[in-house]
Amino acid sequence: MLKQILSEMYIDPDLLAELSEEQKQILFFKMREEQIRRWKEREAAMERKESLPVKPRPKKENGKSVHWKLGADKEVWVWVMGEHHLDKPYDVLCNEIIAERARLKAEQEAEEPRKTHSEEFTNSLKTKSQYHDLQAPDNQQTKDIWKKVAEKEELEQGSRPAPTLEEEKIRSLSSSSRNIQQMLADSINRMKAYAFHQKKESMKKKQDEEINQIEEERTKQICKSWKEDSEWQASLRKSKAADEKRRSLAKQAREDYKRLSLGAQKGRGGERLQSPLRVPQKPERPPLPPKPQFLNSGAYPQKPLRNQGVVRTLSSSAQEDIIRWFKEEQLPLRAGYQKTSDTIAPWFHGILTLKKANELLLSTGMPGSFLIRVSERIKGYALSYLSEDGCKHFLIDASADAYSFLGVDQLQHATLADLVEYHKEEPITSLGKELLLYPCGQQDQLPDYLELFE
């Protein structure tokens with residue numbers, strides 16, 4: 001079964017529905033391994049092909065290529081988000097995203113007050129510039145008056161006789177006084193312009209500080225309101241829980257894969273698959289289970305009774321194929337029998353639906369109860385287990401004349417009984433700690449596996 005999935009790189013949705021979350025993660029891990037293996041084969045084939053003498057291709061200018069970064073194990077370097085000590089926790093990332101969104105929203109809200117302040121500031125500048133423009137004509141008028149006076153004096157000098165020494169002294173004194181007044185006026189104008197510029201800068205700086213303070217306060221308010229929002233809190237909790245669940249499942253799948261691989265290497269207690277030489281080539285068909293004593297010719301109906309609680313979801317042809325598969329391939333392997341006797345194991349059941357298996361387990365009310373049923377969807381088995389959190393289901397691969405959980409084919413068992421005995425002491429998964437403690441047997445008068453042994 002696993003080989004077929006990996007060869008096609010496709011799993012039927014009905015089959016995927018039979019898998020537990022742990023088995024799904026392990027299966028995805030195996031499919032990823034198969035992808036890498038195929039990629040390496042293609043790369044090796046390409047290298048062999050390129051090593052042959054061929055006509056060199058003209059290299060393009062500024063040719064680009066991709067080189068994978070390798071880790072310490074010489075494999076492609078992979079960074080698993082959230083597992084490194086430098087990675088930010090999920091809630092910290094959420095807080096940063098909220099803070100950034102709140103800041104952008106506060107900036108948008110502050111855009112209108114910013115425009116209003118800018119217009120007021122521009123109007124005040126225009127008013128003050130008009131005031132200085134009014135002051136400027138007075139200075140110019142003063143200059144014009146002094147200029148006219150100087151021209152008049154020059155004309156008078158031309159018509160007058162040569163001035164005396166005293167007149168020259170008086171003229172020089174008046175000219176120097178005019179120059180001093182002009183210098184004082186220019187200095188006053190420069191001081192006014194500098195003061196106006198300084199006031200302009202201080203006003204602009206003050207307005208910017210006020211707007212920034214308003215933005216910061218608004219950002220904090222928006223961020224606080226979003227964090228206190230019940231819908232956002234619920235969404236955050238769900239996202240965080242889903243992220244933690246995915247991370248734990250992936251980690252658990254890797255741990256289970258390593259644990260079972262190590263168990264297979266150590267060969268724990270002879271539970272590994274026995275050599276095919278020890279299995280007879282043509283084993284004899286085991287005896288049928290004893291029928292109930294009350295079934296006589298008069299009471300036995302013309303049509304065999306079926307478990308009325310089982311709802312058949314498969315077509316008759318598909319169900320017949322599964323029954324034929326069990327009789328032809330599984331009976332020679334003593335599927336469903338006790339390990340040391342020819343009696344049917346109490347945990348073995350026939351073709352049961354998922355709903356019926358859950359009902360049987362819940363009726364016991366004992367965590368650790370389990371049963372193995374023939375799958376209603378595929379040629380294989382499913383182990384149903386009752387834990388503290390509810391019912392779990394694990395698909396068992398029986399495609400290679402051996403039994404192992406789908407996705408972890410390193411540790412295989414010769415019979416279903418061997419698999420059950422092994423997991424009475426060894427948990428199925430490291431996270432769930434599922435130990436097979438209490439077999440869940442038949443509850444109806446007629447066993448649900450009769451059709452498999454008829």
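Each residue, glycine too, has its Cβ placed from N, Cα and C.
Note that the coordinates shown come from a computational prediction; the quantities given were computed from them, not determined experimentally.
Record check of Ser261, Ser369, Ser387 in Swiss-Prot: the feature phosphoserine is attached to Ser261.
Of the residues Ser124, Ser202, Swiss-Prot records the annotation phosphoserine for Ser124. In Swiss-Prot, the entry for phosphoserine among Ser175, Ser297, Ser315, Ser341 corresponds to Ser315.
In Swiss-Prot, the annotation region 'Disordered' applies to 152-177, one of the ranges 152-177, 204-229. Model confidence over the domain 'SH2' (347-440) stands at 84, taken as the mean pLDDT rounded to a whole number. Residue counts for the compositional bias 'Basic and acidic residues' (240-259) under DSSP (helix as H, G, I; strand as E, B; rest coil) come to 20 helix, 0 strand, 0 coil.
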